[in-house]
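Written below as C-alpha coordinates is the structure these notes are about.
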Amino acid sequence: MSSNKNTIPNNINNSNSFVNVLVLWASRTLIFCSLLQCIFFFDSNNFIAVLTINISFYILIITTLKQSFFKNFPLSIFLIIGFFLTQLYLPLIFTLLEGNPVVFNLKLSNEVFLHSFLILITLIISHYVYRQFSYLHKNKLRNILLRFDFFTPPSDTQIWIIGLIGVFATFYVYIYAKSALKLTGGSFDKFIESLINFAYAPYFIGIGIIYGRNEKINNNYLIKISVYTIIIFLVSVARNSRGAFMFGFTSLAYSYILCIGLGIKKANFFNKKNIILLIMSFWLIIGPISDLSTAMVAVRNQRHEVSSFNLLEMTIKAYENKTLLQQFKNNKSGDDSGWDEYYLNNVLLSRFCNIKFNDASLIEASKLNFKIDKGFQDFSINRTIAILPTPILTLLGIDLNKNLINYSFGDYLFAKANYLGNDYSVIGVNRTGHISGTGMISFGWWYLLLLFIFIIPCYYIIDSCYINLKSTISNGFEPRISLCILLAINSVFIFLPSESVMTLPMFLTRGWIQMYILYYFIFKFSYFISFFIKK
(Lines of atoms letter the chains of each structure in order from A and count residues from 1; the text may use other names and numbers.)
(Lines give C-alpha, C1' and ligand atoms only; values in the text may rest on other atoms or scores of the structure.)
Protein backbone atom coordinates (compact mmCIF):
# COMPACT_ATOMS: atom_id res chain seq x y z
CA MET A 1 0.00 0.00 0.00
CA SER A 2 1.43 3.35 -0.94
CA SER A 3 0.64 6.98 -0.73
CA ASN A 4 1.97 10.22 -2.14
CA LYS A 5 0.85 12.11 0.91
CA ASN A 6 3.49 14.58 1.92
CA THR A 7 4.07 13.42 5.47
CA ILE A 8 7.30 13.23 7.36
CA PRO A 9 8.19 11.21 10.44
CA ASN A 10 7.42 13.00 13.69
CA ASN A 11 10.96 12.64 15.04
CA ILE A 12 12.24 15.64 13.06
CA ASN A 13 9.05 17.64 12.76
CA ASN A 14 10.03 20.04 15.55
CA SER A 15 12.03 23.17 16.27
CA ASN A 16 15.28 21.18 16.36
CA SER A 17 14.84 19.87 12.82
CA PHE A 18 17.91 19.07 10.81
CA VAL A 19 17.39 21.99 8.43
CA ASN A 20 17.12 24.44 11.32
CA VAL A 21 20.27 23.09 12.95
CA LEU A 22 22.06 23.13 9.59
CA VAL A 23 21.07 26.74 8.97
CA LEU A 24 22.19 27.73 12.47
CA TRP A 25 25.69 26.29 12.12
CA ALA A 26 26.03 27.39 8.51
CA SER A 27 25.14 30.97 9.44
CA ARG A 28 27.61 31.01 12.34
CA THR A 29 30.36 29.68 10.10
CA LEU A 30 29.52 32.19 7.39
CA ILE A 31 29.57 35.15 9.77
CA PHE A 32 32.89 34.07 11.29
CA CYS A 33 34.58 33.48 7.92
CA SER A 34 33.10 36.68 6.46
CA LEU A 35 34.57 38.74 9.28
CA LEU A 36 37.99 37.16 8.76
CA GLN A 37 37.76 37.77 5.01
CA CYS A 38 37.00 41.46 5.59
CA ILE A 39 39.68 41.87 8.26
CA PHE A 40 42.56 40.20 6.44
CA PHE A 41 41.61 40.96 2.82
CA PHE A 42 39.76 44.23 2.93
CA ASP A 43 39.25 45.81 -0.46
CA SER A 44 36.11 46.88 -2.30
CA ASN A 45 35.88 43.85 -4.60
CA ASN A 46 36.33 41.34 -1.79
CA PHE A 47 33.84 43.20 0.39
CA ILE A 48 31.24 43.18 -2.40
CA ALA A 49 31.77 39.45 -2.89
CA VAL A 50 31.43 38.69 0.83
CA LEU A 51 28.34 40.88 1.07
CA THR A 52 26.78 39.18 -1.96
CA ILE A 53 27.37 35.73 -0.45
CA ASN A 54 25.78 36.76 2.85
CA ILE A 55 22.76 38.34 1.18
CA SER A 56 22.34 35.24 -0.99
CA PHE A 57 22.47 32.98 2.06
CA TYR A 58 19.81 34.87 3.98
CA ILE A 59 17.52 35.12 0.97
CA LEU A 60 17.89 31.36 0.51
CA ILE A 61 17.03 30.48 4.11
CA ILE A 62 14.11 32.90 4.25
CA THR A 63 12.49 31.78 1.01
CA THR A 64 13.48 28.17 0.34
CA LEU A 65 15.61 26.40 2.92
CA LYS A 66 12.81 25.39 5.28
CA GLN A 67 12.07 21.99 6.83
CA SER A 68 8.48 22.06 5.56
CA PHE A 69 9.71 22.55 1.99
CA PHE A 70 12.59 20.11 2.30
CA LYS A 71 10.35 17.24 3.41
CA ASN A 72 8.20 17.68 0.31
CA PHE A 73 10.82 18.62 -2.30
CA PRO A 74 14.15 17.30 -0.99
CA LEU A 75 15.87 16.59 -4.30
CA SER A 76 15.04 19.85 -6.07
CA ILE A 77 16.05 21.84 -2.99
CA PHE A 78 19.23 19.76 -2.82
CA LEU A 79 19.95 20.95 -6.38
CA ILE A 80 19.59 24.59 -5.31
CA ILE A 81 21.76 23.99 -2.24
CA GLY A 82 24.39 22.45 -4.51
CA PHE A 83 24.54 25.59 -6.64
CA PHE A 84 24.72 27.88 -3.61
CA LEU A 85 27.47 25.85 -1.96
CA THR A 86 29.67 25.41 -5.03
CA GLN A 87 29.33 28.95 -6.38
CA LEU A 88 29.01 31.10 -3.27
CA TYR A 89 29.38 29.56 0.18
CA LEU A 90 32.28 27.10 -0.11
CA PRO A 91 34.58 29.37 -2.16
CA LEU A 92 34.53 31.88 0.70
CA ILE A 93 35.51 29.22 3.25
CA PHE A 94 38.07 27.30 1.19
CA THR A 95 39.93 30.38 -0.03
CA LEU A 96 40.14 31.59 3.56
CA LEU A 97 41.61 28.24 4.65
CA GLU A 98 44.29 28.69 1.97
CA GLY A 99 45.00 32.24 3.13
CA ASN A 100 43.41 33.97 0.14
CA PRO A 101 40.48 36.34 -0.42
CA VAL A 102 37.34 34.93 -2.00
CA VAL A 103 38.07 37.01 -5.13
CA PHE A 104 41.51 35.43 -5.48
CA ASN A 105 42.65 35.35 -9.14
CA LEU A 106 39.24 36.57 -10.35
CA LYS A 107 39.60 39.27 -13.03
CA LEU A 108 35.88 40.06 -13.16
CA SER A 109 34.89 39.28 -9.57
CA ASN A 110 31.94 41.69 -9.44
CA GLU A 111 30.45 40.16 -12.59
CA VAL A 112 31.09 36.63 -11.29
CA PHE A 113 29.13 37.17 -8.09
CA LEU A 114 26.46 39.23 -9.83
CA HIS A 115 25.68 36.35 -12.19
CA SER A 116 25.81 33.78 -9.39
CA PHE A 117 23.44 35.91 -7.32
CA LEU A 118 20.99 36.37 -10.21
CA ILE A 119 21.08 32.67 -11.07
CA LEU A 120 20.33 31.81 -7.44
CA ILE A 121 17.42 34.26 -7.39
CA THR A 122 16.12 32.70 -10.61
CA LEU A 123 16.32 29.23 -9.03
CA ILE A 124 14.49 30.44 -5.92
CA ILE A 125 11.67 32.13 -7.86
CA SER A 126 11.28 29.18 -10.21
CA HIS A 127 11.11 26.82 -7.22
CA TYR A 128 8.34 28.94 -5.71
CA VAL A 129 6.35 28.62 -8.93
CA TYR A 130 7.09 24.89 -9.01
CA ARG A 131 5.85 24.46 -5.42
CA GLN A 132 2.59 26.22 -6.17
CA PHE A 133 2.06 23.94 -9.15
CA SER A 134 2.89 20.86 -7.07
CA TYR A 135 0.40 21.76 -4.34
CA LEU A 136 -2.36 21.85 -6.96
CA HIS A 137 -1.31 18.88 -9.10
CA LYS A 138 -0.08 15.45 -8.08
CA ASN A 139 3.18 14.22 -9.53
CA LYS A 140 1.87 11.72 -12.08
CA LEU A 141 5.37 10.74 -13.14
CA ARG A 142 6.01 9.57 -9.57
CA ASN A 143 2.98 7.26 -9.78
CA ILE A 144 4.29 5.81 -13.04
CA LEU A 145 7.69 5.16 -11.47
CA LEU A 146 5.99 3.48 -8.52
CA ARG A 147 4.15 1.10 -10.85
CA PHE A 148 7.38 0.21 -12.64
CA ASP A 149 9.22 -0.76 -9.43
CA PHE A 150 11.44 2.31 -9.20
CA PHE A 151 10.77 2.41 -5.46
CA THR A 152 11.24 -1.33 -5.00
CA PRO A 153 14.56 -1.88 -3.23
CA PRO A 154 16.93 -4.13 -5.19
CA SER A 155 18.61 -6.98 -3.35
CA ASP A 156 22.27 -6.75 -2.40
CA THR A 157 23.10 -9.25 -5.15
CA GLN A 158 21.36 -7.00 -7.67
CA ILE A 159 23.32 -4.02 -6.38
CA TRP A 160 26.65 -5.78 -6.92
CA ILE A 161 25.62 -6.87 -10.42
CA ILE A 162 24.62 -3.29 -11.23
CA GLY A 163 27.96 -2.03 -9.88
CA LEU A 164 29.99 -4.47 -11.98
CA ILE A 165 28.08 -3.39 -15.08
CA GLY A 166 29.21 0.17 -14.32
CA VAL A 167 32.82 -0.91 -13.85
CA PHE A 168 32.87 -2.75 -17.18
CA ALA A 169 31.30 0.31 -18.85
CA THR A 170 33.99 2.54 -17.34
CA PHE A 171 36.72 0.22 -18.54
CA TYR A 172 35.28 0.14 -22.07
CA VAL A 173 34.67 3.87 -22.44
CA TYR A 174 37.83 5.29 -20.86
CA ILE A 175 40.39 2.55 -21.35
CA TYR A 176 39.39 0.42 -24.33
CA ALA A 177 37.47 2.68 -26.74
CA LYS A 178 38.28 6.08 -25.12
CA SER A 179 34.99 7.35 -26.54
CA ALA A 180 34.48 9.68 -23.58
CA LEU A 181 37.18 11.91 -25.04
CA LYS A 182 34.56 12.95 -27.59
CA LEU A 183 31.55 15.10 -26.77
CA THR A 184 29.43 13.38 -29.35
CA GLY A 185 29.88 9.92 -30.74
CA GLY A 186 28.42 6.65 -31.87
CA SER A 187 25.15 5.45 -30.37
CA PHE A 188 26.70 2.28 -28.94
CA ASP A 189 29.59 4.13 -27.27
CA LYS A 190 27.23 6.69 -25.79
CA PHE A 191 24.95 3.91 -24.54
CA ILE A 192 27.87 2.23 -22.77
CA GLU A 193 29.02 5.58 -21.42
CA SER A 194 25.59 6.12 -19.85
CA LEU A 195 26.14 3.00 -17.71
CA ILE A 196 29.18 4.43 -15.88
CA ASN A 197 27.22 5.87 -12.94
CA PHE A 198 26.03 2.37 -12.05
CA ALA A 199 29.58 1.62 -10.86
CA TYR A 200 28.83 3.44 -7.60
CA ALA A 201 25.78 1.33 -6.71
CA PRO A 202 27.50 -0.92 -4.09
CA TYR A 203 28.32 2.10 -1.94
CA PHE A 204 24.61 2.67 -1.28
CA ILE A 205 24.21 -0.67 0.47
CA GLY A 206 25.77 0.97 3.52
CA ILE A 207 22.92 3.44 3.65
CA GLY A 208 20.28 1.27 1.99
CA ILE A 209 17.53 2.45 4.31
CA ILE A 210 17.12 5.47 2.05
CA TYR A 211 15.90 3.29 -0.83
CA GLY A 212 14.05 0.73 1.33
CA ARG A 213 16.73 -1.77 2.38
CA ASN A 214 16.24 -2.71 6.04
CA GLU A 215 19.05 -5.23 6.70
CA LYS A 216 22.14 -4.27 8.67
CA ILE A 217 25.51 -4.34 6.95
CA ASN A 218 28.02 -6.99 8.02
CA ASN A 219 31.77 -7.52 7.93
CA ASN A 220 31.49 -9.42 4.66
CA TYR A 221 30.15 -6.28 2.98
CA LEU A 222 32.95 -4.16 4.46
CA ILE A 223 35.57 -6.51 3.02
CA LYS A 224 33.94 -6.59 -0.41
CA ILE A 225 33.44 -2.83 -0.59
CA SER A 226 37.10 -2.27 0.37
CA VAL A 227 38.30 -4.50 -2.49
CA TYR A 228 35.77 -2.87 -4.81
CA THR A 229 37.03 0.59 -3.85
CA ILE A 230 40.58 -0.39 -4.78
CA ILE A 231 39.33 -1.51 -8.21
CA ILE A 232 37.41 1.75 -8.69
CA PHE A 233 40.47 3.69 -7.58
CA LEU A 234 42.80 2.00 -10.07
CA VAL A 235 40.35 2.40 -12.96
CA SER A 236 39.81 6.06 -12.03
CA VAL A 237 43.53 6.84 -12.01
CA ALA A 238 43.96 4.97 -15.30
CA ARG A 239 41.22 7.11 -16.84
CA ASN A 240 42.80 10.25 -15.30
CA SER A 241 39.64 11.38 -13.56
CA ARG A 242 40.12 13.34 -10.35
CA GLY A 243 36.50 13.12 -9.32
CA ALA A 244 35.73 9.54 -10.33
CA PHE A 245 37.33 7.81 -7.36
CA MET A 246 35.61 10.29 -5.01
CA PHE A 247 32.10 10.04 -6.45
CA GLY A 248 31.31 6.88 -4.49
CA PHE A 249 32.15 8.62 -1.22
CA THR A 250 30.45 11.89 -2.10
CA SER A 251 27.34 9.99 -3.21
CA LEU A 252 27.30 8.26 0.16
CA ALA A 253 27.76 11.58 1.99
CA TYR A 254 25.00 13.31 0.02
CA SER A 255 22.63 10.39 0.62
CA TYR A 256 23.46 10.41 4.33
CA ILE A 257 22.58 14.11 4.51
CA LEU A 258 19.28 13.43 2.74
CA CYS A 259 18.60 10.61 5.22
CA ILE A 260 19.05 12.94 8.16
CA GLY A 261 17.10 15.76 6.54
CA LEU A 262 14.13 13.46 5.90
CA GLY A 263 14.24 11.95 9.38
CA ILE A 264 15.23 8.49 8.18
CA LYS A 265 18.32 8.66 10.39
CA LYS A 266 18.94 10.69 13.50
CA ALA A 267 21.46 13.50 13.36
CA ASN A 268 24.32 12.74 15.73
CA PHE A 269 27.37 14.43 14.29
CA PHE A 270 29.36 15.14 17.43
CA ASN A 271 30.15 11.66 18.66
CA LYS A 272 33.60 10.14 18.98
CA LYS A 273 33.30 7.99 15.86
CA ASN A 274 32.21 10.86 13.59
CA ILE A 275 34.85 13.24 14.94
CA ILE A 276 37.62 10.71 14.22
CA LEU A 277 36.14 10.07 10.77
CA LEU A 278 36.01 13.81 10.10
CA ILE A 279 39.64 14.31 11.13
CA MET A 280 40.79 11.39 8.97
CA SER A 281 38.77 12.64 5.99
CA PHE A 282 40.19 16.15 6.37
CA TRP A 283 43.75 14.75 6.49
CA LEU A 284 43.15 12.60 3.40
CA ILE A 285 41.67 15.52 1.44
CA ILE A 286 44.46 18.00 2.19
CA GLY A 287 47.19 15.36 2.06
CA PRO A 288 47.37 12.12 0.05
CA ILE A 289 44.23 12.63 -2.04
CA SER A 290 45.21 16.21 -2.84
CA ASP A 291 48.69 15.07 -3.94
CA LEU A 292 47.20 12.27 -6.03
CA SER A 293 44.81 14.70 -7.71
CA THR A 294 47.72 17.03 -8.47
CA ALA A 295 49.69 14.11 -9.94
CA MET A 296 46.73 13.24 -12.18
CA VAL A 297 46.50 16.82 -13.41
CA ALA A 298 50.27 16.91 -13.99
CA VAL A 299 50.14 13.98 -16.43
CA ARG A 300 46.73 14.57 -18.01
CA ASN A 301 48.22 16.03 -21.20
CA GLN A 302 49.60 12.56 -21.93
CA ARG A 303 46.26 10.73 -21.65
CA HIS A 304 45.63 10.91 -25.41
CA GLU A 305 49.09 9.62 -26.30
CA VAL A 306 49.84 6.71 -23.95
CA SER A 307 48.02 3.59 -22.84
CA SER A 308 45.96 3.58 -19.66
CA PHE A 309 48.50 1.31 -17.98
CA ASN A 310 51.34 3.72 -18.80
CA LEU A 311 49.22 6.63 -17.62
CA LEU A 312 48.64 4.84 -14.32
CA GLU A 313 52.38 4.25 -13.99
CA MET A 314 53.16 7.90 -14.81
CA THR A 315 50.63 9.08 -12.23
CA ILE A 316 52.18 6.95 -9.49
CA LYS A 317 55.67 8.24 -10.33
CA ALA A 318 54.41 11.84 -10.31
CA TYR A 319 52.74 11.22 -6.94
CA GLU A 320 56.00 9.98 -5.47
CA ASN A 321 57.89 13.04 -6.75
CA LYS A 322 56.92 15.62 -4.11
CA THR A 323 59.21 18.23 -5.65
CA LEU A 324 57.38 17.96 -8.97
CA LEU A 325 54.03 18.22 -7.21
CA GLN A 326 55.08 21.38 -5.38
CA GLN A 327 56.41 22.93 -8.60
CA PHE A 328 53.13 22.13 -10.33
CA LYS A 329 51.13 23.69 -7.48
CA ASN A 330 53.27 26.82 -7.73
CA ASN A 331 52.58 27.14 -11.46
CA LYS A 332 49.55 29.43 -11.57
CA SER A 333 49.81 30.86 -15.03
CA GLY A 334 47.16 28.73 -16.75
CA ASP A 335 47.80 27.19 -20.16
CA ASP A 336 49.86 28.73 -22.95
CA SER A 337 46.77 30.13 -24.65
CA GLY A 338 45.92 32.38 -21.71
CA TRP A 339 42.97 30.33 -20.46
CA ASP A 340 43.31 30.25 -16.67
CA GLU A 341 41.39 27.89 -14.34
CA TYR A 342 43.48 28.40 -11.20
CA TYR A 343 41.52 29.26 -8.05
CA LEU A 344 42.29 26.81 -5.23
CA ASN A 345 45.63 25.18 -4.44
CA ASN A 346 43.87 21.94 -3.52
CA VAL A 347 42.98 20.57 -6.96
CA LEU A 348 40.51 18.10 -5.47
CA LEU A 349 38.48 20.84 -3.80
CA SER A 350 38.71 22.93 -6.94
CA ARG A 351 37.03 20.05 -8.76
CA PHE A 352 33.85 20.76 -6.78
CA CYS A 353 33.79 24.52 -6.24
CA ASN A 354 36.00 26.32 -8.75
CA ILE A 355 34.35 29.63 -9.61
CA LYS A 356 37.30 30.51 -11.84
CA PHE A 357 35.36 28.75 -14.64
CA ASN A 358 32.74 31.47 -14.24
CA ASP A 359 35.40 34.17 -14.36
CA ALA A 360 37.17 32.64 -17.38
CA SER A 361 33.93 32.42 -19.36
CA LEU A 362 33.00 35.99 -18.52
CA ILE A 363 36.48 37.18 -19.54
CA GLU A 364 36.02 35.65 -22.99
CA ALA A 365 32.46 36.99 -23.20
CA SER A 366 33.73 40.47 -22.34
CA LYS A 367 35.99 40.34 -25.40
CA LEU A 368 32.77 40.12 -27.41
CA ASN A 369 31.32 43.01 -25.36
CA PHE A 370 28.76 40.61 -23.83
CA LYS A 371 26.76 40.86 -27.05
CA ILE A 372 24.79 38.00 -28.56
CA ASP A 373 26.85 36.16 -31.16
CA LYS A 374 24.70 34.48 -33.81
CA GLY A 375 27.32 31.82 -34.51
CA PHE A 376 27.61 30.88 -30.86
CA GLN A 377 23.83 30.88 -30.49
CA ASP A 378 23.54 28.47 -33.42
CA PHE A 379 26.26 26.31 -31.90
CA SER A 380 24.39 26.18 -28.58
CA ILE A 381 21.14 25.18 -30.27
CA ASN A 382 22.85 22.60 -32.50
CA ARG A 383 24.61 21.08 -29.50
CA THR A 384 21.19 20.67 -27.91
CA ILE A 385 19.76 19.02 -31.00
CA ALA A 386 22.83 16.79 -31.31
CA ILE A 387 22.01 15.14 -27.99
CA LEU A 388 19.24 13.25 -29.78
CA PRO A 389 20.17 9.83 -31.22
CA THR A 390 21.09 9.86 -34.90
CA PRO A 391 18.10 7.65 -35.91
CA ILE A 392 15.69 10.18 -34.38
CA LEU A 393 17.42 13.08 -36.15
CA THR A 394 17.10 11.16 -39.43
CA LEU A 395 13.44 10.46 -38.73
CA LEU A 396 12.83 14.16 -38.10
CA GLY A 397 14.67 15.08 -41.29
CA ILE A 398 17.39 17.00 -39.44
CA ASP A 399 20.73 16.98 -41.25
CA LEU A 400 23.33 17.71 -38.59
CA ASN A 401 27.00 16.83 -38.77
CA LYS A 402 27.86 16.05 -35.16
CA ASN A 403 31.58 16.11 -35.91
CA LEU A 404 31.39 19.88 -36.53
CA ILE A 405 30.20 20.51 -32.98
CA ASN A 406 32.31 17.88 -31.26
CA TYR A 407 33.85 20.26 -28.73
CA SER A 408 32.94 21.98 -25.49
CA PHE A 409 31.14 25.27 -24.97
CA GLY A 410 34.31 26.60 -23.35
CA ASP A 411 36.41 25.72 -26.39
CA TYR A 412 34.04 27.38 -28.83
CA LEU A 413 33.65 30.47 -26.65
CA PHE A 414 37.44 30.80 -26.43
CA ALA A 415 37.78 30.45 -30.21
CA LYS A 416 35.04 33.01 -30.86
CA ALA A 417 36.36 35.54 -28.35
CA ASN A 418 39.87 35.47 -29.74
CA TYR A 419 38.78 35.89 -33.36
CA LEU A 420 40.36 32.64 -34.42
CA GLY A 421 37.81 31.99 -37.14
CA ASN A 422 38.42 28.57 -38.63
CA ASP A 423 41.57 27.95 -36.60
CA TYR A 424 40.51 24.78 -34.80
CA SER A 425 43.92 24.20 -33.22
CA VAL A 426 42.61 25.69 -29.96
CA ILE A 427 39.55 23.44 -30.02
CA GLY A 428 39.58 20.01 -28.47
CA VAL A 429 41.15 20.98 -25.16
CA ASN A 430 37.73 20.64 -23.53
CA ARG A 431 37.86 23.92 -21.64
CA THR A 432 35.00 24.06 -19.17
CA GLY A 433 32.61 26.89 -19.93
CA HIS A 434 30.09 28.39 -17.53
CA ILE A 435 26.40 29.18 -17.87
CA SER A 436 26.99 32.90 -17.24
CA GLY A 437 29.53 33.61 -19.99
CA THR A 438 28.07 31.22 -22.57
CA GLY A 439 24.58 32.39 -21.64
CA MET A 440 25.41 36.04 -22.29
CA ILE A 441 26.96 35.31 -25.70
CA SER A 442 24.13 32.97 -26.72
CA PHE A 443 21.07 34.86 -25.47
CA GLY A 444 22.14 37.93 -23.50
CA TRP A 445 20.35 38.42 -20.18
CA TRP A 446 17.51 36.37 -21.61
CA TYR A 447 19.47 33.30 -20.55
CA LEU A 448 18.04 33.84 -17.05
CA LEU A 449 14.50 33.62 -18.44
CA LEU A 450 15.42 30.42 -20.28
CA LEU A 451 16.87 29.07 -17.04
CA PHE A 452 13.60 29.91 -15.27
CA ILE A 453 11.54 28.12 -17.93
CA PHE A 454 13.70 25.02 -18.25
CA ILE A 455 14.49 24.43 -14.58
CA ILE A 456 10.86 24.01 -13.46
CA PRO A 457 10.26 20.72 -15.34
CA CYS A 458 13.73 19.63 -14.16
CA TYR A 459 12.56 20.10 -10.57
CA TYR A 460 9.45 18.05 -11.34
CA ILE A 461 11.40 15.19 -12.91
CA ILE A 462 14.01 15.00 -10.15
CA ASP A 463 11.45 15.10 -7.33
CA SER A 464 9.47 12.30 -8.98
CA CYS A 465 12.11 9.94 -7.58
CA TYR A 466 11.04 10.75 -4.01
CA ILE A 467 7.94 9.33 -2.36
CA ASN A 468 6.32 8.74 1.03
CA LEU A 469 5.23 5.12 1.32
CA LYS A 470 3.00 3.71 4.03
CA SER A 471 5.23 2.10 6.62
CA THR A 472 5.05 -1.66 7.15
CA ILE A 473 6.16 -1.34 10.78
CA SER A 474 4.15 1.68 11.96
CA ASN A 475 1.02 3.68 11.22
CA GLY A 476 2.89 6.52 9.56
CA PHE A 477 4.72 7.01 6.30
CA GLU A 478 8.36 6.47 5.47
CA PRO A 479 10.27 8.63 2.96
CA ARG A 480 12.00 6.74 0.20
CA ILE A 481 14.28 7.86 -2.62
CA SER A 482 14.67 5.70 -5.69
CA LEU A 483 18.09 4.18 -6.25
CA CYS A 484 17.73 5.52 -9.80
CA ILE A 485 18.30 9.12 -8.70
CA LEU A 486 20.75 8.19 -5.95
CA LEU A 487 23.08 6.80 -8.60
CA ALA A 488 23.05 10.28 -10.16
CA ILE A 489 23.04 12.25 -6.89
CA ASN A 490 26.43 13.81 -7.69
CA SER A 491 24.95 15.13 -10.93
CA VAL A 492 21.98 16.55 -9.01
CA PHE A 493 24.32 18.38 -6.62
CA ILE A 494 26.31 19.92 -9.48
CA PHE A 495 23.39 20.11 -11.93
CA LEU A 496 24.07 23.84 -11.90
CA PRO A 497 26.37 25.42 -12.72
CA SER A 498 26.56 23.91 -16.15
CA GLU A 499 28.46 24.83 -19.28
CA SER A 500 25.38 26.39 -20.83
CA VAL A 501 21.72 27.03 -20.12
CA MET A 502 21.08 24.69 -23.06
CA THR A 503 22.24 21.72 -20.99
CA LEU A 504 18.81 21.90 -19.33
CA PRO A 505 16.83 21.21 -22.52
CA MET A 506 19.42 18.50 -23.24
CA PHE A 507 18.38 16.88 -19.96
CA LEU A 508 14.70 17.38 -20.74
CA THR A 509 14.86 15.92 -24.26
CA ARG A 510 17.05 12.92 -23.50
CA GLY A 511 18.88 12.88 -20.19
CA TRP A 512 16.06 11.97 -17.83
CA ILE A 513 14.39 9.56 -20.27
CA GLN A 514 17.66 7.73 -20.78
CA MET A 515 18.30 7.67 -17.03
CA TYR A 516 14.91 6.13 -16.21
CA ILE A 517 14.87 3.62 -19.06
CA LEU A 518 18.41 2.46 -18.36
CA TYR A 519 17.73 2.01 -14.68
CA TYR A 520 14.54 0.04 -15.36
CA PHE A 521 16.24 -2.41 -17.72
CA ILE A 522 19.36 -2.75 -15.57
CA PHE A 523 17.13 -3.33 -12.52
CA LYS A 524 15.21 -6.09 -14.33
CA PHE A 525 18.37 -7.57 -15.84
CA SER A 526 20.09 -7.72 -12.45
CA TYR A 527 16.98 -9.33 -10.95
CA PHE A 528 17.01 -11.98 -13.68
CA ILE A 529 20.72 -12.73 -13.17
CA SER A 530 20.45 -12.74 -9.37
CA PHE A 531 17.56 -15.22 -9.62
CA PHE A 532 19.80 -17.73 -11.39
CA ILE A 533 22.71 -17.05 -9.03
CA LYS A 534 20.54 -17.92 -6.04
CA LYS A 535 19.37 -21.13 -7.73
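Glycine is treated like the rest: Cβ placed from N, Cα and C.
Residues or ranges marked as transmembrane segment by TrEMBL: 21-42 (among others). Under 8 Å from some Cβ of the transmembrane segment (21-42) lie the Cβ atoms of residues 50, 53-54, 57, 61, 65, 89, 92-93, 96, 100-102, 261, 267, all in the same chain and six or more residues away from its ends.
Residues annotated as transmembrane segment in TrEMBL: 48-65 (among others). Counting same-chain residues at least six beyond the ends of the transmembrane segment (48-65), those with a Cβ under 8 angstroms from any Cβ of the stretch are 19, 23, 26-27, 30-31, 34, 37-38, 77, 80-81, 84, 88-89, 92, 101-103, 109-110, 112-114, 116-117, 120-121, 124, 127-128.
The transmembrane segment annotation in TrEMBL covers 77-97 (among others).
Here TrEMBL flags 112-130 (among others) as transmembrane segment.
For 157-175 (among others), the entry in TrEMBL reads transmembrane segment.
Among residues of the same chain six or more beyond the transmembrane segment (195-212), those with a C-beta under 8 A of the stretch's C-beta atoms are 151-154, 156, 159-160, 162-163, 165-167, 169-170, 173, 221, 224-225, 228, 232, 247-249, 251-252, 255-256, 258-259, 264-265, 469, 480-483, 486-488, 491, 518, 522. Look at TrEMBL and you will find 195-212 (among others) tagged as transmembrane segment.
Among the features that TrEMBL reports, transmembrane segment is placed at 221-238 (among others). Long-range contacts of the transmembrane segment (221-238) within the same chain, counting only residues at least 6 positions beyond its ends with a Cβ under 8 Å from a Cβ of the stretch, are 156, 160, 163, 167, 170-171, 174-175, 199-200, 202-203, 205-206, 244-245, 248, 292, 296, 308-309, 311-312, 315-316.
Listed by sequence, the residues of this chain that lie at least six past the ends of the transmembrane segment (244-264) yet keep a Cβ under 8 A from its Cβ atoms are 8-9, 11-13, 18-19, 22, 70-71, 74-75, 78, 170, 199-200, 203-204, 206-207, 209-210, 229, 232-233, 235-237, 289, 348, 351, 478-479, 481, 486-487, 489-490, 493. Taken from TrEMBL, the feature transmembrane segment covers 244-264 (among others).
Annotation source TrEMBL lists transmembrane segment at 276-299 (among others). Through the fold, the transmembrane segment (276-299) approaches residues 237, 240-242, 246, 311, 314-316, 318-319, 322, 324-325, 328-329, 346-349, 351 of its own chain, all at least 6 residues removed from its boundaries and within a Cβ separation under 8 Å.
Marked as transmembrane segment by TrEMBL: 444-462 (among others).
According to TrEMBL, the transmembrane segment annotation covers 483-507 (among others).
Per TrEMBL, the feature transmembrane segment maps to 513-533 (among others).
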*Does the chain bring the transmembrane segment (77-97) near the transmembrane segment (483-507), so that three or more CB pairs sit under 8 Å (pairs 6 or more apart in sequence)?*
yes
*Count, for each of 444-462, 483-507, 513-533, the Cβ pairs lying under 8 Å from the transmembrane segment (157-175), and report the range with the highest count.*
513-533
*asked:* Using Cβ atoms and a strict cutoff of less than 8 Å, what residues sit near the transmembrane segment (483-507) while being 6 or more residues removed from its termini?
replied: 75, 78-79, 81-83, 86-87, 119, 123, 145, 150, 153-154, 197-198, 200-201, 204, 210-211, 243, 247, 250-251, 254-255, 258, 352, 357-358, 380-381, 383-384, 387, 408-410, 432-436, 438-439, 442-443, 447, 450-451, 454-455, 458, 462, 465-466, 515-516, 519
